[in-house]
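**Q** Following this message is one structure expressed as structure tokens.
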Amino acid sequence: MASTEQQEHAAPLLQPEVEEAYTSDGSLDIDGNPALKHRTGGWRACRSILGAEFCYCLANNGIMYNLVTYLTTQLHQSNVAAAKNVSIWKATCFLTPLAGAVVADSYWGRYRTMVVACCVGVAGMLMASLSALLPQLIESSSTLSMPSAQEFVLFLGLYMIAFGPCLMSFGADQFDAGDTSERASKASLFNWYVFTMNCAAVISATGLVWVQGHYGWALGLGIPAMVLAVGLSCLVAASRTYRFQTTRGSPLTRVCQVAVAAVRKFNVAAPGDMALLYELPDDASSMKGVERIEHTTDLEFFDKAAVVTASDEEAPRNPWRLCVVTQVEELKILVRMLPVWACIAFFYTGTAQTKSTFVEQGMPMDAHVGALRVPPASLAAFQMLTTIVLIPLYDRVFVPAARKHTGREKGISDLLRIGGGLATVGLAMAAAATVETKRASAARTTASILWQAPQFVLVGAGELLATIGQLDFFYSQAPPAMKTVCTALGLLAVAAGDYLSSVIVTAVSWATASGGRPGWIPDDLNEGHLDRFFWMMAGLGCLDLLAFTCCAKRYNKSRKAC
């Protein structure tokens, strides 16, 4: 039997193992108990999450990439109407995660929200497939307009699909922020997330588009529903390996409280000593699990929300009149991000062309490559393959080399990476304009569709830089209590870009088609000037890059270099 002294000496050595058995970030397992590190989370959980993301992206892109073709050939919509409808729907797909983030953080939790969203998505994809089956189910009807019925069923299904799951933040929850090795793994999650998305997109842009062209739209739109159902099964089957975060109320409510409180105290002057601003002690119940943020001197107007007045001292604290400093600083961080976010949104106005005007540009071109016929929508495979190939090279070759010169852990800053992406997509628009000029001049001989490959490659390189860069930027710069909302803010930039693309296409069509002219984007592109549209987009991209440079410099002055 060990001596008492030996037992006392061994106890401290064993204690850290007991403490390390559980995560340090307060995450729970599916039963509501503290999560054990060796049984939950990490890559064991993220494999199924990335698998579900793969299935969702394959299914969603399987509909998205060839949707403009379905609208123009089966529902007989014009090029402008089809491009506008695709842009609006695609934008909505990236807009709804913000609403999902609020529901997940405030009420249901991220896991339950994802499962419900996947179920709605499966039902929506079945509706899209049904729209292609309607002509066979209703062979003759004098009272029903078949295209109108198909459009109703299709768009009902499409906007059900738009309520898709946002798996990224739930994947980040699987890594303990208090563990050094798991924190490093979380940093690579964004790369693998985008890598998975693009692998799925390649299969969609080639395999599913090919099925739609050779075996019909009913099967081509039905396969995505089956694929998403498989992804949902994988997600649910691994539920016991996940780590769950407790809901802490809506971050958007906290932000609105600061704005309202500051406005209500518009005439109240901030104290000379900022230490007098209202802040709760660390042991207060409302501050548990909330990381304190130090006060900053800019955006002084919002400091009014934390000024304690005589009426605040006389009554219980009203959160819509008096807010803590940490809450005020959360809003300040969001406000600082907005100019950068606006510039990033225009980047996605350029990438939106790959699903609309790029496809329309390829329709009158020679789609035969040897004995194969390449559908115009399948050219997006060049974009995806470029990203897939460059992500490992960027992570394993460029980052270590750049780190030696800059001393930065990421090689280069997030903002510099995003700026490179903005410039690259501007070059893609210039390449598309050049191709269109040559296509129009060779209309009688029909130019090869492979002429479009360089512009898709440039868009793929731009997404490697800007998309992953902006996801990392919004996540790393977000306050601890708002990681999910700020991640959704990155997706909201995609939505804003797509909506803006629809507005630009509509405005250009209206402005250039007046007086009986065909306009820049007519149904017969040989009568229009699509090249001028692309040159216009390239010019706007240059202006956006200049604005982004100014915003990035200003942001770095107010926040730590990123």
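Going from the start of the chain as shown, residues are counted 1 onward.
Cβ from N, Cα, C; glycine included.
So TrEMBL lists these for the protein:
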- 114-132: transmembrane segment (TRANSMEM)
- 152-170: transmembrane segment (TRANSMEM)
- 190-211: transmembrane segment (TRANSMEM)
- 217-238: transmembrane segment (TRANSMEM)
- 333-354: transmembrane segment (TRANSMEM)
- 374-394: transmembrane segment (TRANSMEM)
- 415-435: transmembrane segment (TRANSMEM)
- 455-475: transmembrane segment (TRANSMEM)
- 487-513: transmembrane segment (TRANSMEM)
- 533-552: transmembrane segment (TRANSMEM)
**Q** Could you tell me whether the transmembrane segment (217-238) and the transmembrane segment (114-132) are in contact, taking contact to mean 3+ Cβ pairs under 8 Å with a sequence separation of 6 or more?
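**A** As far as Cβ distances go (cut-off 8 Å, pairs 6 or more apart), the transmembrane segment (114-132) and the transmembrane segment (217-238) touch.
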**Q** Considering only Cβ pairs within less than 8 angstroms, which of the stretches 190-211, 415-435, 455-475 has the most against the transmembrane segment (533-552)?
**A** 415-435
**Q** Return yes if the transmembrane segment (333-354) and the transmembrane segment (152-170) have at least 3 CB pairs under 8 Å (sequence gap of 6 or more), otherwise no.
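**A** Answer no: the transmembrane segment (333-354) and the transmembrane segment (152-170) share fewer than 3 Cβ pairs below 8 Å.
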**Q** For the transmembrane segment (455-475), name the stretch out of 152-170, 190-211, 374-394, 415-435, 487-513 with the most CB-CB pairs under 8 Å.
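**A** The stretch with the most close Cβ contacts to the transmembrane segment (455-475) is 415-435.
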**Q** Are there residues at least six beyond either end of the transmembrane segment (374-394) with Cβ under 8 Å to its Cβ atoms? List them, or say none.
**A** 65-66, 68-69, 191, 194-195, 198-199, 201-202, 205-206, 209-210, 213, 354-355, 358-363, 365, 367-368, 449-450, 452-453, 456-457, 459-461, 463-464, 468
**Q** Same-chain Cβ contacts of the transmembrane segment (415-435) under 8 Å, 6 or more residues past its ends?
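**A** Contacts with the transmembrane segment (415-435): 340, 343-344, 346-347, 350-351, 353, 357-358, 361, 447, 451-452, 454-456, 458-459, 461-470, 473, 531-532, 534-535, 537-538, 541-542, 544-545, 548-549, 552, 555-556, 562.
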